[in-house]
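The block underneath contains the structure these notes are about, expressed in structure tokens.
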Amino acid sequence: MDPNMSRPPDYSLPPYDDEDLHTPTGYSPAAVRLLTSEEHYDPHPHTYVPPSSPSQDQIPIQTSPTRPASSNSPSASVSPSPSKSTPSPLNPPVEIPPPLFASQTDLNMSSEAGERAFRPEPGQQDNTQANIHNQQEQPSPNPPSYSRSVAESQSLLPNTPVHGGSAAKLQNRNRNSVHVAFADLPTDLPEIPEGISERRRVHKEHQHLGLEANPTVPPRPVSRLKNPNSHDHVPSIRSPRNLNYQPSVRSSRSGSIFDDAPSLGPPGGGSYMSYDTREYGSPQRPWTPSSRMSDFTRSDLSRPPPNHDMYEPSDLNGSPRPGTPSSRYGGSPRRPLPPAPLFHGSRQAVPPFADDATVSIPLHDPMDDDVFGPESDLSDARPHPVDRSSYMSAESQDTLNEGDPDDYDKFEHYGPAPSGAQERRGVRAPQMARKEVQLINGELVLECKIPTILYSFLPRRGEVEFTHMRYTAVTCDPDDFVERGYTLRQTFGKTVRETELFICVTMYNEDEIGFTRTMHAVMKNISHFCSRTRSRTWGETGWQKIVVCIVSDGREKIHPRTLDALAAMGVYQHGIAKNFVNNRAVQAHVYEYTTQVSLDSDLKFKGAEKGIVPCQMIFCLKEKNQRKLNSHRWFFNAFGQALNPNVCILLDVGTRPSGTSLYHLWKAFDTDSNVAGACGEIKAMKGKYGRNLLNPLVASQNFEYKMSNILDKPLESVFGYITVLPGALSAYRYHALQNDETGHGPLSQYFKGETLHGQHADVFTANMYLAEDRILCWELVAKRNERWVLKYVKGCTGETDVPDTVPEFISQRRRWLNGAFFAAVYSLVHFKQIWFTDHTFARKILLHVEFLYQFIQLMFTFFSLANFYLTFYFVAGGLTDPKIDPFGHNIATVIFHILRYSCVLLISTQFILSLGNRPQGSRKLYLASMIIYSIIMMYTTFATFYIIIRQLTSKDDDIKMGDNVFTNMIVSILSTIGMYFIMSMLYLDPWHMITSSAQYFILLPSYICTLQVYAFCNTHDVTWGTKGDNVMKTDLGGAVGKGETVELEMPSEQLDIDSGYDEALRNLRDRLEVPEPPPSDSQLQEDYYKSVRTYLVLTWMIGNGILGMAVSEIYSARGIGDNYYLRFLLWSVAALAVFRAVGSTTFAILNVINMIIEGRVRLTLKAPRWFGGVKDRVSDKMSSVSSNLRN
């Protein structure tokens, strides 16, 4: 097979030689005949079989013998034979020019063969004729067995040019030939008969009758030769079509005789696939020359319809264009151009000429053969191509290397890029339609189908909870949710289930990363519940006992990408929520769905193949921003009351609990019925490879969190009262939270801060509600006639983001410090409530011991500013002694005085910044103050270690327990820093001592001074972003209109104007008193808070100032060994550290005992029988010991 024919040609459009009138032209197998080209006649005729159909009058045509013309003869004469009757199959055949090859009787010849046969070189003319004669003598392997119509016979008329003559195209004498440039014609050219042709007559009749816009052409009569292999006449499946052609100016080539040639199909192995454009007027590829005849029996030989085609120029640099691969299939060498790109804004095709003669387009630049140049009529048809290769074909590496790389930058193949935001392809705006919906108990409740894509990969589809999302528009307060008849899916129908665990996730404006981090961790914890197949509570269907509730504080505050994440899980759908129902404002939008997929923090779907089980979800989107306390009221009073769960877990968006944290948290309630609340360990998120610890602020918080979970939480858990259960990871027993019959209880006190107004809200209560997670702790332990305790669960851990910038860190600690301080004051003032509880006497004694410890801690917190200054004053001032000065020349004295006055000025600056500036507006000043505090702390630490080392290495002083320096310094340091190391090793978690301890001790003065000062100076700020008065007033009316005119109401009569003036004069004369409006509740509340803030700051500042000045003046002239206040301070710190260490050690021992007891009970069950009753007695004894320890 010819390698050039490995694929079909890239052009497949009809030839260009005629329009609706088909004039036969030429006989060249190359399908080309120039009007002015010279060709030689082949004197060897071949036999022609005439048509056999006698139905119509046909004109048999014979070729007259030709004679060679002299060089002076301009052309050869051609004369038609006289008209005769229609020949029968028995008549002698008519001679016609022979085909090129005997084997190509199907007329499917290549252009190369045609050129060699009909345009020989002058020196090879004789040889060519000889070769043709030899080929004629050979028998044809496939004799012609097909019939041909008269029109086809006319297309085979031979021209008889003489050497030096020119071939001429037959023209209709009645047609205007203004567009055709004729050559000199011979005198004996055949003439077309007078009158209109049969084809033209039928065409005009159709136009006259108005049958169709493009009339069809009746099939020509055909004559058949008897062929046993051929079938009967098969109707054509291709509708008759007319041709339109691109207008041009001049032509030097004739049409092709192979327009009607039968097709043998393109060679196999082609991979070409065309494409169509979406715009009218773009070139299409519905027809190829090879598709003109599907078989030899077709009678439908009409032309294809007009396509507004565009072709290559007829000439190539002034010479006829050579043949192309399509010549083998009867195509034209003048190739149609490929279609324009899909989105190219090409104009409509230019209407064709009425003339049937097509001519070429002149090229002004002989080096430029591009018809789409700037001077062409087709310049706007499509973008400028880089080269002549098709857009559908890929360029070879050689072509890419040879081409100019700048050409690709000069031309835009697809036009300019669209500006502005573009809609995604295939995405449309939602089509809204009005529907009548039946209200349920007067409320709007909708069951909405989930998206098709989500439904397609769900493993479970049997229940409505998997296939439909339920939307409820809640128009009432959360306290009235159940009373107004609102229900959840877990309370009706087939999905009625008992809820064991109710998880609340509160969020404000967090992005999708924080939300998916928390939600994916929760779903993995639910999978762990279902994996405990041996549990009596959980198992494969354990997910049916867990409900996750997401409460978002404000519809306009939620992050849009978080909504997208919820929509991807099937929980949320856009366009369903409504603002009001029957003129009642919607307070919250509740979405319910049981999702089976999860999104991790990388926003990748995780499903059942990753162990994810179904999760019952409730998404409550509050209409307004009403603070986190209101979100908890929706959770506890609305949804909790409807579900009545056993345990409620509170999480914040951004917190990532570990894989088994929620199970350990629930297990604490399951094993001890007296536990009302529990919490886990909060860890700072360190980032990949702990890179977040490079930030000193993050490292110091990591150390603080670790030591709190090692020393403080275990100590308080031993006593049974944890001062704060962090809202980021805590759990409560729902039954313990309920109010008593009089309406008083933990929840009523907890939500009291949401309804405080005016002076009735004292500043202590208001600040206490800033740390709302401390409220429930005290109310649960002090609940009347109950013995609830709080527990710390070491096995429950959760990572959370910590502030990494100074302003965010200060703002967070302001709420924490004020809430902790005022909550401690509140619990100490109301400690008598413990006496009315049902706790055991031992538990009450332990609780009073804890109150004493909290009181001491509170006193140290209140005077922490003075204690820091005095510690620095005495320790750093100890180096001013000339005997101890490590630098000599009184350099230590100079450094001490500089740092001393810097410390005093810095503390004063902190008050000024805290009273009048936000941390976000004074970022640099706060950062500078923290750096100076760090320098002071580093010098104080250096002085401490220098004094200790000098004391140990001094030969004059003996080291003994009664020595003041040894007692005050060494014992104090070992009882703090040393205890930190010992307890960290005991809990097998010492790494924070290596990575974060130095940062914490350096930033310790900033914790004491910067954070404490800012917190006390902003006790009046108890708002959580409450909206101001942003409602437009309407009491004065308005001016409404369009354009330059408006409509308004105003006095129109002169009497009204005079009356108003008279009233104004009378008021001035009578001196009427104008009543002053009373101050608003918000103004009274703000004034009250600020006044309390002033009294509190003055009290705190004066107390610390008096303590610092008095102690520094009394002991300024004495040494460290004789400073009794410093001795008291250091020993108090050591005592508190030891107390915390003892409590933490007790907690660790009790945990080990519980583990041993549980293990021993399991072992005794497997003890051999010869133990007798000893086994049972040991088990009972250990169980009683365990119960006593827990109570």
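Even glycines carry a Cβ here, placed using N, Cα and C.
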### Residue carrying N-linked glycosylation site as stated in Swiss-Prot, selected out of Asn317, Asn525
Asn525
### Task
Report yes or no: does the transmembrane segment (855-875) come within contact of the transmembrane segment (968-988), defined as 3 or more CB pairs under 8 Å with a sequence separation of 6 or more?
no
#### Entry: Other CB atoms within 10 A, centred on Asn525 (N-linked glycosylation site)
23
### Task
Decide whether the stretches the transmembrane segment (816-836) and the transmembrane segment (1129-1149) have at least 3 CB pairs under 8 angstroms, with pairs required to be 6 or more apart in sequence.
no
### Query
Of the listed stretches 893-913, 929-949, 968-988, 997-1017, which one has the most C-beta pairs under 8 A with the transmembrane segment (1129-1149)?
968-988
### Query
Under DSSP, is Asn525 (N-linked glycosylation site) helix, strand or coil?
helix
### Recorded stretch that, among 968-988, 997-1017, 1095-1115, has the most CB pairs under 8 Å to the transmembrane segment (929-949)
997-1017
### Query
In the same chain, who gets a Cβ under 8 Å from the transmembrane segment (893-913) while lying at least 6 residues past its ends?
865, 869, 872-873, 876-877, 879-880, 885, 887, 922, 925-926, 929, 932-933, 935-936, 939, 1009-1010, 1013-1014, 1017, 1097, 1101
